[in-house]
């Protein structure tokens, strides 16, 4: 019992949003004046009650055109999180007078075009190096990174390793997103936390899927490549430590996760790797060789997507889950067709360890050309499939498509749109684009 109480106290300590705010201030992030102060309780002030996860009230009380919200200080100056405010909520009202002292610059978080959430506060950045460093870290868990990293691995490095990395990534992200919707812990309260990002604000917080992917991908990369490729193990360990640390610290810096969320994501990813890594070869061989693998893969991934959509009300995590599953299904189906047609054959284990080739101008140029042409084709595929699938799904299920944002919050639209669109992107990544490279002599 005493041990459980200590663990509960430790968990509460690590989940405290004030620790996130302290880390942000240490790194030179400052919000509007008075942000750390909390407003009067909702029932005492007559203001609306609890807000939904990820919500953010309008900035009605901003001061004299400076764009900074004015916040009320709690009676007595007590710094406690406001009761009844949802994830990322900023109370309206007045408080600090005017902008802070001159700083390096102000930033507005990236707006989420799907949820319509915008920044609730302007942010003063006193350490530009850390700002850009941690923005880079958080991008290592975003779509832009994935659409560059996985194609580069498959087209330029090692398709065998790239396929298995995607299998690990799909399972890690799917389990992480589903766990969020089961636990349903909100994001760190703001105030006192400064929100540098609102793009994923409508999702729940525990565990951090950025921390999960930032742990699983470099670890799996080393586990899959060491012994197959000839390189010092120390290089791989340095890569894992730097990659994982950068992503994990970036989520606290951005104000999107508590310390507990990040630690849980790190440990959860390791647990998933321990359980699923021995099965990766079996899954990949099944995808390649079993006659009916495409039918089973598509059906299984679609069923997992439907299940995830039943866990909670709408949030961006549901669409992201369908997107991840669709991409995984497309890559698996593309791998199957590659194998059946004898394209992109894997080196025999007899040739291991593979020696990295010397980097020449020709080799580098062809790698960059493959990446540029291939990624442009993947983006065009995504745009084309989005234009087709959203109106088609709306028509099939008799859903008005005048407001695309509202239509996409319906499972009947969001699930097929994301699944089919990114399934086609994954299939193009693994089969159609390599076929084009073979045809034009870039393979």
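Quick reminder: no glycine exception, Cβ is built from N, Cα and C everywhere.
What TrEMBL says about a protein is an automatic prediction, not a curated fact.
The stretch that TrEMBL tags with transmembrane segment, taken from the ranges 193-214, 259-280, is 259-280.
Between the listed ranges 172-191, 292-311, TrEMBL ties the annotation transmembrane segment to 292-311.
Among the ranges 133-152, 233-252, the stretch that TrEMBL annotates as transmembrane segment is 233-252. Of the listed segments 361-380, 381-400, TrEMBL assigns transmembrane segment to 361-380. When TrEMBL is compared with the stretches 323-341, 342-360, the one noted as transmembrane segment is 323-341. Only pairs six or more apart in sequence are counted, and the transmembrane segment (419-442) with the transmembrane segment (323-341) gives three or more Cβ pairs under 8 Å, enough to call it a contact. Highest Cβ pair count under 8 Å relative to the transmembrane segment (323-341), across stretches 233-252, 259-280, 292-311: 292-311. Residues 174, 177-178, 181-182, 286, 318, 321-322, 325-326, 328-329, 332-333, 336, 411, 414-415, 419, 423 of the same chain lie 6+ residues outside the transmembrane segment (292-311) yet bring a C-beta within less than 8 angstroms of a C-beta in it. Away from its own ends, the transmembrane segment (259-280) comes close to residues 11, 14-15, 19-20, 164, 167-168, 171-172, 175-176, 179, 185, 205-213, 215-216, 219-220, 223-224, 244, 248, 251-252 of its chain (Cβ-Cβ under 8 Å, at least six residues beyond either end).
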